[in-house]
Amino acid sequence: METELSIEPQSLKKLSFKSLKRSLDLFSPTHGQIPPPDAESSKIRISHKLNSDYVRVKTMSSEHATNAAKSQVQQEPTPSNALALPGPQQSNDTQMGGPPKDLVIGSTGQPRGSADAGGQGRSSAIIPSNVSSERWCSLEAWGSEHVNFCHHGKNSKQMASSCLACTLEELQSEILLPWLTDMLVISGHLGWVRSVAIDPSNTWFCTGSADRTIKIWDLASGRLKLTLTGHIDQVRGLAVSNKHTYMFSAGDDKLVKCWDLEQNKVIRSYHGHLSGVYCLALHPTIDILLTGGRDSVCRVWDIRSKAQIRTLPGHDNTVCSVFTRPTDPQVITGSHDSTIKLWDLRTGKTMSTLTHHKKSVRAMAPHPTEDCFVSASAENIKKFRLPRGEFMHNMLSQQKTIINAAAVNEEGVLATAGDNGSLWFWDWNSGHNFQQAQTIVQPGSLESEAGIYSIMYDLTGSRLITCEADKTIKMWKEDETATPETHPLHFKPPRDMRRF
């Protein structure tokens, strides 16, 4: 007699619990145990870290050892590590009571670049007599130890013969010209001024504000020329095309608009962002537009067809800064997730991710002529070398505020603007902060409205435009009356550069 076996139907929940119980019984005894370390992998990891992080220190120590051995062989009557010595004629004149003359750094009694007793060329830069020898000793020590930050960009082999050509007058002319805000203060917006862009002909500039308008101003006189309306929320990004009479704007209303400046109206709109658009950039050579916003994505648009060519995902938070280059990496983005990404525009993939910052990267600025850029966050300002994104060094001071904008001109003057109204000026090569300015709010505004949201140099690099929270636009220029006596050099080079 045949018996039929009945299979009890089981729910999906019961089967899931059974599977979890089997997995727990199988793996729970070893769940809390850490696997034993692999000695070979640990050795490879440590050696790689030593080679990548301390290769400069190893090179410097070998060079110092070679120089010390040569100095012991020569055994000159004067100490070999004396960097500032009197010239051959100065000692006699000083003993006779004559006026002090210039000091000589390096080998005495020989012209610059001549060979010394050891057979190698050594510099003998002339120092002005009104400069203390201790100050120039520190400058030479700085140049000999930190070869990557030489004022002339020389490598370690060229450093010994030409680094000290950076005289005091050159440093003061390139670094220490202070910037004043008495040039022009423009008011006209009814809300925070959030963005700025300058015309390629350097005759006018445009600003976007929280009052949902875009205003076009004359760059020389500061007079209002035109007001454009069309956004329904604050305008966060602006860009002016080099090829066409087009202007592009982006705002918190998720809209990206293309304006024809001959007709003064919107001719194209680019739809696709899921939230507010925070930054905008135009490619320098091809007709594409890049936008980033709160949807954590950078989008690439074709200007003519309004089509979305690429979507560059990968950030975990708002994309708040972007700039483009004609060569790879053509797109660099900074985000609130504290990372910077370098993108391959052809494939739409990330070439490199820089994780050096600890806080949001709200501002980035590429150098106009060099292949490097700076990124600014609340904890530090860092400089990177392109195209690989190699970290170069930090700026020597900390602004200690949220930095909203950064800009650099061809003369190597970097400006960074903070949420507390601070505007700091830096030397691009050394990272020295030579001026700390504070903006003044217009009468009737609160002290808390001293924030600066956007800055930009004009095409000549001689005027700086700042957009501020007190609804004003200020223009800064260099103080042409400044002299080395009124603004002396206060630069003490550090013994080591912070690399974190």
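Cβ atoms are placed via backbone N, Cα and C, with glycine included.
TrEMBL labels come from automatic prediction, so no person has curated them.
Marked as region 'Disordered' by TrEMBL: 27-47 (among others).
Residues annotated as region 'Disordered' in TrEMBL: 60-126 (among others).
Sequence annotations record features per position, and here TrEMBL assigns compositional bias 'Polar residues' to 60-81.
According to TrEMBL, the repeat 'WD' annotation covers 186-227 (among others). Panel annotation: around the repeat 'WD' (186-227), residues 233-242, 247, 249, 251, 259, 264, 442, 451, 453-456, 458-460, 463, 465, 467-469, 471-475 of the same chain, lying at least six beyond its termini, place a Cβ under 8 Å from a Cβ of the stretch.
The repeat 'WD' annotation in TrEMBL covers 228-269 (among others). Model confidence over the repeat 'WD' (228-269) stands at 94, taken as the mean pLDDT rounded to a whole number.
Cβ atoms under 8 Å from those of the repeat 'WD' (270-311) belong to residues 233, 236-239, 241-243, 246, 248-258, 317-326, 330-331, 333, 335, 337, 343, 345, 348 of the same chain, restricted to positions at least 6 beyond its ends. Look at TrEMBL and you will find 270-311 (among others) tagged as repeat 'WD'.
Taken from TrEMBL, the feature repeat 'WD' covers 312-353 (among others). Same-chain neighbours of the repeat 'WD' (312-353): 278-285, 290-294, 296-300, 359-366, 373, 375, 377, 384, 386-389, counting only residues six or more beyond its ends whose CB sits under 8 Å from a CB of the stretch.
Annotation source TrEMBL lists region 'Disordered' at 480-500 (among others).
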